[in-house]
Amino acid sequence: MQNPLFIALDFNHRGKRRQFLEHFQDEQIDVKVGMELFYREGVKVIEELKDAGHEIFLDLKLHDIPNTVNRTMRVLAEMEISMVNVHAAGGQVMMEAAIEGLEAGTRPGKERPKLIAVTQLTSTNEEMLKQQLHIEGSLESVVCSYAQLAKEAGLDGVVCSAKEVPLIQKGCGADFLTVTPGIRRHTDHHGDQIRVVTPAEARALGSWGIVVGRSLTTVNDPLHVYKEMNADWKGVALR
Ligand SMILES: O=C(O)c1cc(=O)[nH]c(=O)n1[C@@H]1O[C@H](COP(=O)(O)O)[C@@H](O)[C@H]1O
């Protein structure tokens with residue numbers, strides 16, 4: 001996977017999910033399976049998407065005691081997906097347990113799924129951090145220290161807003177993966193997302209990968225919008 005644009009398949013209806021994917025039959029797309037789709041369709045959807053040739057980021061955001069996360073990661077590794085995530089707020093021991101579980105569950109000769117940690121959700125701002133979560137410090141510094149913790153635990157990267165990528169790369173190195181949701185074609189339509197950027201801004205800020213959901217899943221011509229956003233992301237002319 002090189003600079004993926006993960007399409008977030010946030011659907012709760014198999015027919016609608018399949019209908020959406022039909023638009024992309026001639027494209028090699030990377031997909032994200034989140035809680036809504038996974039809880040609705042289960043492991044069968046993973047098999048179906050793999051058979052269709054998609055790279056899969058399974059976004060279940062594990063956050064539990066180390067033993068539970070370790071055992072769950074063993075199960076997820078058997079699904080042979082490309083990437084999976086946890087919440088960094090679970091702490092270093094939990095993240096180390098997650099990596100160990102993934103390694104233990106990866107079949108011989110197969111590649112371990114990449115593991116990334118959510119630093120602070122892109123729907124969070126500094127005021128919420130302070131007033132509701134009682135986390136002190138600037139949002140950027142909190143995101144960076146969570147990224148540092150994830151790196152120390154041996155993870156491959158983090159989920160963050162593209163806005164924090166330059167600082168994370170400074171602290172964790174340029175090869176530490178940054179997957180950035182909160183992507184909009186026009187940043188004035190952000191809905192519940194707070195730390196949003198356009199695909200071109202994410203590229204300029206140095207994101208490794210981006211996640212795009214509703215900008216594609218709620219439009220009439222998702223293929224056209226995908227091509228437009230992907231060209232913007234890759235910095236190439238629209239085909
Ligand atoms: O881990 C994620 O993928 C994630 C982390 C985060 O901080 N923010 C975030 O929006 N996401 C996911 O990225 C997708 C963004 O969807 P849209 O806002 O519709 O583009 C959703 O599936 C979210 O669950």
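Including glycine, each Cβ sits where the backbone N, Cα and C put it.
Over in TrEMBL, the protein carries these features:
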- Asp59: active site, for OMPdecase activity (ACT_SITE)
- Lys61: active site, for OMPdecase activity (ACT_SITE)
- Lys61: active site, proton donor (ACT_SITE)
- Asp64: active site, for OMPdecase activity (ACT_SITE)
- Asp10, Lys32, 59-68, Thr122, Arg184, Gln193, 213-214: substrate binding site (BINDING)
- 4-229: domain 'Orotidine 5'-phosphate decarboxylase' (DOMAIN)
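A Cβ distance below 6 Å to any atom of ligand 1 is met by none of the recorded positions Leu60, His63, Asp64, Pro66. Asp59 (active site, for OMPdecase activity) carries a strand DSSP state (E or B). The Cβ neighbour count for Lys61 (active site, for OMPdecase activity), using a 10 Å radius over every protein chain in view, is 15.
For Asp10 (substrate binding site), the spatially nearest entry among the active-site residues Asp59, Lys61, Asp64 is Asp59, judged by CA separation.
In the three-state DSSP scheme, Gly213 (substrate binding site) is classed as coil.
Between Lys61 (active site, for OMPdecase activity) and Gly213 (substrate binding site), the C-alpha separation comes to 17 Å.
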